[in-house]
Amino acid sequence: MPLNSLGFAKPPSETRVVVAMSGGVDSSVVAAYLADQGYDVVGVTLQLYDHGAALAKKGACCAGIDIHDARRVAEERGFPHYVLDYENIFKDAVIDEFADSYLAGATPVPCIRCNERVKFKDLLETARDLEADCMATGHYIQRKMGPNGPELHCAEDANRDQSYFLFSTTPEQLDYLRFPLGHLPSKDATREMAAQYGLAVADKPDSQDICFVPNGNYASVIEKLRPGAAEPGEIVHADGRVLGSHEGVIHYTIGQRRGLGIGGLSEPLYVVRLDVDRKQVVVGPKELLATRTIPVREINWLGDAPFTSRPEWHLSVKVRSTRPPREAIVRPISETEAEVELLTPEEGVSPGQACVFYESDGSRIFGGGWIWRGY
C-alpha cells in the first residue's frame with residue numbers, strides 16, 4: 001500500500017495525528033488541512049501562563065483568546081480538542097531559566113526551550129498516550145527523508161523559516177513529528193488556505209513577542225519573578241572610565257546602543273560585556289563587538305556521522321535568529337561541546353543565544369548548541 005501524506009502505509013482515516021494548536025493561523029491551517037484529508041485529528045492546546053493582561057492580548061500564543069480560537073476551529077472542522085494545563089511545567093522549564101539567565105547577564109531564547117522542554121517533550125508524550133501515530137505543528141520547517149532516516153531542513157520560504165528555534169529537536173522526536181507548512185512558498189499561501197477553509201483566524205496577526213512577556217517588557221516580568229534581584233551598578237567604558245550608573249544588568253543586552261543614558265560623548269558606544277559579579281555594564285566602540293571564536297555547549301547533533309568522528313566540521317552557523325548563516329569551522333571538544341570559529345567575525349554575539357549549524361551549501365540543519373560565557 002502506498003504511503004499517505006504523513007508517511008504511513010494506511011488510510012488517513014486510520015492514522016491518528018495530534019495537532020499542537022496555539023490558536024494562531026498556522027496551526028489552525030494544519031489541523032483543518034489534515035482533517036480535510038480525512039485524518040483522525042486530535043487538537044491539543046497548552047495553557048502555559050496566565051498574566052491577566054496577556055490573556056486577551058493578540059499576537060501572543062497560548063493565552064485565553066487563543067484557546068478560544070483553537071477550540072472554535074476544532075468545533076467548525078469537527079474534530080476533538082483538549083486544553084492541557086501546563087502552567088507549572090512551563091514555569092519550571094522555561095520562565096524560571098529565562099529570569100535567571102537575564103540576571104546572569106545572558107540573553108536567553110525561551111521559545112527554543114519551550115519547544116525542547118515542553119512541546120516536543122511533555123506534549124509529544126501526551127500525543128503518544130493518545131495513541132497518535134504522529135504529532136503535527138504549524139512550524140515553518142521541513143522534515144525530509146534521507147538515506148539514514150528523517151532530516152531537518154529549512155522552510156521553503158526563507159522569510160518564515162523557524163529552524164533557529166528548532167535546532168534542539170532530537171532524531172527520536174523528528175521521527176514522530178510532522179511539519180505540513182514547511183514546503184509552502186509564503187505566509188500568504190497559509191492565509192489563503194485559512195480563507196478557503198473558512199477559518200475565523202485567517203486574518204489573525206502573527207505572534208510577535210515572547211508569549212509570557214506582555215508588550216515586550218522583559219525587565220518588568222523579571223522583577224516580578226525575582227523581586228529585588230536587579231541590582232544597580234556602574235556603566236564603565238572598556239578603557240576603565242566610569243561613565244554613569246544603571247538600574248540592573250537585566251535592562252541591557254550585548255550590542256545595545258540606544259537607551260544607555262550616557263549622552264554627551266563624541267563616539268557612539270555599544271554594550272560589549274555584562275559583568276554581573278561587578279554589577280558593571282561595559283561599553284565601548286563598535287569594533288569591540290566583533291567576535292571570531294564562540295564556545296558552544298549543550299550541543300544537539302543531527303548529522304549522520306557522530307559529532308566527534310571528525311576534528312572539525314565545515315558548516316554555516318547562525319548566532320541570532322535574524323542573522324543570515326555565516327561560514328564557520330566547528331571543532332568538537334566533546335559530544336556536547338565545541339569551539340566555533342567564524343570565518344567572518346560577527347558583532348553582538350551574546351551568551352544565552354543559540355548557535356545553529358547548517359549545511360554549507362544546502363538546506364539541512366545539523367543541530368546546534370548554546371553560546372556561553374567563555375571568550
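Yeah, the Cβs are placed from backbone N, Cα and C, and that goes for glycine too.
As recorded in Swiss-Prot, the features of this protein are as follows:
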{"type": "BINDING", "residues": "Ala20, Met21, Ser22, Gly23, Gly24, Val25, Asp26, Ser27, Leu46, Gly138", "note": "ATP binding site"}
{"type": "ACT_SITE", "residues": "Cys114", "note": "active site, nucleophile"}
{"type": "DISULFID", "residues": "Cys114-Cys211", "note": "disulfide bond"}
{"type": "SITE", "residues": "His139", "note": "site 'Interaction with tRNA'"}
{"type": "ACT_SITE", "residues": "Cys211", "note": "active site, cysteine persulfide intermediate"}
{"type": "SITE", "residues": "Gln353", "note": "site 'Interaction with tRNA'"}
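Where Swiss-Prot records a feature, it is marked here on the structure.
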residue : record                       : Cβ neighbours (10 Å)
Ala20   : ATP binding site             : 25
Ser22   : ATP binding site             : 24
Gly24   : ATP binding site             : 23
Asp26   : ATP binding site             : 27
Leu46   : ATP binding site             : 27
Cys114  : active site, nucleophile     : 26
His139  : site 'Interaction with tRNA' : 26
Cys211  : disulfide bond               : 24
Gln353  : site 'Interaction with tRNA' : 25
### Query
Out of Cys114, His139, Cys211, Gln353, the recorded positions in the record, which is closest to Ala20 (ATP binding site) when you go by Cα distance?
His139
### Task
Determine, using Cα-Cα distances only, which of these recorded positions is closest to Asp26 (ATP binding site): Cys114, His139, Cys211, Gln353.
His139
### Query
Should any of the recorded positions Cys114, His139, Cys211, Gln353 have a Cα within 10 Å of the Cα of Leu46 (ATP binding site), which are they?
none
### Task
Quick one: pull the CA-CA distance for Cys211 (disulfide bond) versus Cys114 (active site, nucleophile), whole Å only.
11
#### Entry: Rounded distance in angstrom between the Cα atoms of Gly24 (ATP binding site) and the residue listed as 'active site, nucleophile'
17
### Query
Using Cα coordinates, what distance in whole Å links Gln353 (site 'Interaction with tRNA') and Cys114 (active site, nucleophile)?
14
